[in-house]
Amino acid sequence: MNINVADLLNGNYILLLFVVLSLGLCLGKLRLGPVQLGNSIGVLVVSLLLGQQHFSINTEALSLGFMLFIFCVGVEAGPNFFSIFFRDGKNYFMLALVMVGSAMLLALGLGKLFGWGIGLTAGMLAGSMTSTPVLVGAGDTLRNTASLGGQLGVEQDHLSLGYALTYLVGLVSLIFGARYLPKLQHQDLPTSAQQIARERGLDVDSQRKVYLPVIRAYRVGPELVDWAAGKNLRELGIYRQTGCYIERIRRNGILANPDGDAVLQIGDEIALVGYPDAHSRLNSNFRDGKEVFDRNLLDMRIVTEEIVVKNHNAVGKRLSQLKLTDHGCFLNRIVRSQIEMPLDDNVVLNKGDVLQVSGDARRVKSIAERIGFISIHSQVTDLLAFCAFFVIGVMVGLITIQFSNFTFGIGNAAGLLFAGIMLGFLRANHPTFGYIPQGALNMVKEFGLMVFMAGVGLSAGSTINSSLGEVGIQMLASGLIVSLVPVVICFLFGAYVLKMNRALLFGAMMGARTCAPAMEIISDTARSNIPALGYAGTYAIANVLLTLAGSLIVVIWPELPG
């Protein structure tokens with residue numbers, strides 16, 4: 001039996017889509033030196049190559065893909081988005097605005113200078129900023145721009161072409177910029193990180209390997225009683241001195257949970273909970289020949305839970321003010337906007353932060369009720385909320401606003417982004433509403449993006465050869481300019497206008513570019529994860545601004561001369 005692969009793929013959109021995705025994801029795993037191509041560019045390259053062979057796909061798949069992606073971007077940004085405006089995020093918002101605004105203005109100027117259409121210009125902006133939200137926002141607005149008429153298909157093809165040509169330029173140039181730009185300024189990042197650590201009482205080396213706490217039991221002897229000198233547990237402050245706390249005491253055969261007024265006596269058997277290294281550092285008064293193995297004494301359920309910060313008595317407070325250890329709980333990590341924060345007592349908590357806390361199940365539940373709620377451990381998505389807010393986003397996107405003779409449609413991108421932000425925000429404030437496991441959210445977002453990339457690549461592939469020779473060199477040079485010049489402008493603005501600490505500034509700049517690989521380089525250069533504070537500050541707002549920039553550049557293009 002002979003199988004014509006070309007006919008098979010042309011006759012089956014679903015098969016063609018997943019062939020493109022499979023080949024593109026394989027290509028995306030390749031590395032060029034320290035730079036990995038990535039899934040989006042891999043799928044785009046494969047789809048462009050197959051598009052040259054006149055393979056095509058149903059455009060509805062393209063629309064559904066971008067809608068899922070942009071909605072999930074909003075859901076991720078929602079928990080921390082509003083805190084950018086209402087707390088101390090003014091500097092971060094301004095940095096993100098300067099980064100995105102300067103890049104958009106440069107792209108508009110270069111597009112007019114070289115006589116490109118809006119498709120190439122918007123695609124170049126998206127690729128140079130390595131930002132799929134720009135691409136998605138521009139693509140959606142193009143489809144809703146009636147004035148393009150017969151040029152719509154050409155501009156959509158040029159959009160993906162501009163993105164494909166400049167994506168690697170944007171990624172590689174930003175990575176090199178992150179590596180070498182800190183060396184060109186007067187303050188080195190390690191010194192800046194240490195400075196902000198001293199000012200805020202942070203630990204510059206607050207990255208550590210996390211272990212779960214363990215429970216071990218010891219018999220109290222004369223040495224330990226002498227060391228305690230008659231003080232009760234509250235006065236002794238055993239946790240401050242040892243890193244462990246006393247969870248249980250067996251005295252005269254009776255097992256009890258001690259309060260702060262308990263005084264140690266000879267013959268007591270005490271259960272200590274702490275990290276393994278804390279047990280190893282215990283004074284010899286505790287452990288030399290005195291460890292006991294008692295099933296009942298050691299029978300305690302240590303759990304690890306993710307607690308979402310929600311309550312007003314925790315939001316805006318320093319971590320030390322929660323007094324987790326006084327309640328017998330251990331903090332393993334802090335996550336904000338999917339970014340791990342410095343693990344330090346002086347980190348200020350935002351609504352939506354996730355604290356990973358270990359300890360006795362009762363104690364962890366008690367502390368969770370004080371500061372927020374325990375994140376649901378279910379793997380079941382609240383599909384009702386997901387679908388309902390998706391519908392709301394589409395309906396909002398249908399709204400049009402008219403100024404004189406100019407009509408502006410909000411569009412699906414902005415509408416779905418708004419609906420996603422609201423769903424994410426409500427989820428951060430109501431533990432049983434709108435739950436979406438992070439793995440499920442990542443999968444839907446990534447799949448939607450890959451479907452969108454496959455669609456635009458197959459659509460644009462047939463015209464790539466004729467367009468590449470006309471704009472290739474100009475496009476690459478413009479991509480380099482749009483990638484690096486806004487970074488320099490943002491640095492000057494942050495350093496000399498906002499007078500920000502350099503470690504926080506460089507982290508915030510990488511957040512404004514939503515580029516995790518460049519952020520890793522900044523952290524390595526600073527020998528600290530303190531720049532993550534700046535990255536988390538700009539990341540959520542930058543995703544929103546980049547989507548709006550993609551739509552805005554298409555809207556204002558016809559109004560510009562030239």
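Using N, Cα and C of the backbone, Cβ positions are placed for all residues, glycine too.
What Swiss-Prot annotates here:
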TRANSMEM  8-28  transmembrane segment
TRANSMEM  32-52  transmembrane segment
TRANSMEM  66-86  transmembrane segment
TRANSMEM  93-113  transmembrane segment
TRANSMEM  116-136  transmembrane segment
TRANSMEM  158-178  transmembrane segment
DOMAIN    202-288  domain 'RCK C-terminal 1'
DOMAIN    290-373  domain 'RCK C-terminal 2'
TRANSMEM  383-403  transmembrane segment
TRANSMEM  406-426  transmembrane segment
TRANSMEM  447-467  transmembrane segment
TRANSMEM  478-498  transmembrane segment
TRANSMEM  537-557  transmembrane segment
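Counting only same-chain residues 6+ beyond the ends of the transmembrane segment (537-557), those with a CB under 8 A from a CB of the stretch are 70, 73-74, 76-77, 80-81, 84, 89, 91-93, 95-97, 99-101, 103-104, 107-108, 111, 118, 121-122, 125-126, 129, 131, 133-142, 145, 337, 339, 408, 411, 413-414, 417, 421, 504, 507-509, 511-514.
Each residue of the domain 'RCK C-terminal 2' (290-373) gets a DSSP state, and the totals for helix, strand and coil are 22 helix, 31 strand, 31 coil.
Counted with DSSP, the domain 'RCK C-terminal 1' (202-288) comes out as 25 helix, 23 strand, 39 coil. The transmembrane segment (158-178) shares more Cβ pairs under 8 Å with 116-136 than with any other stretch in the list 32-52, 93-113, 116-136. Between the transmembrane segment (93-113) and the stretches 32-52, 383-403, 406-426, 478-498, the greatest number of Cβ pairs separated by less than 8 Å involves 478-498. For the domain 'RCK C-terminal 1' (202-288), the model's pLDDT averages out at 77. Ranked by Cβ pairs under 8 Å to the transmembrane segment (116-136), the stretches 383-403, 406-426, 478-498 are led by 478-498.
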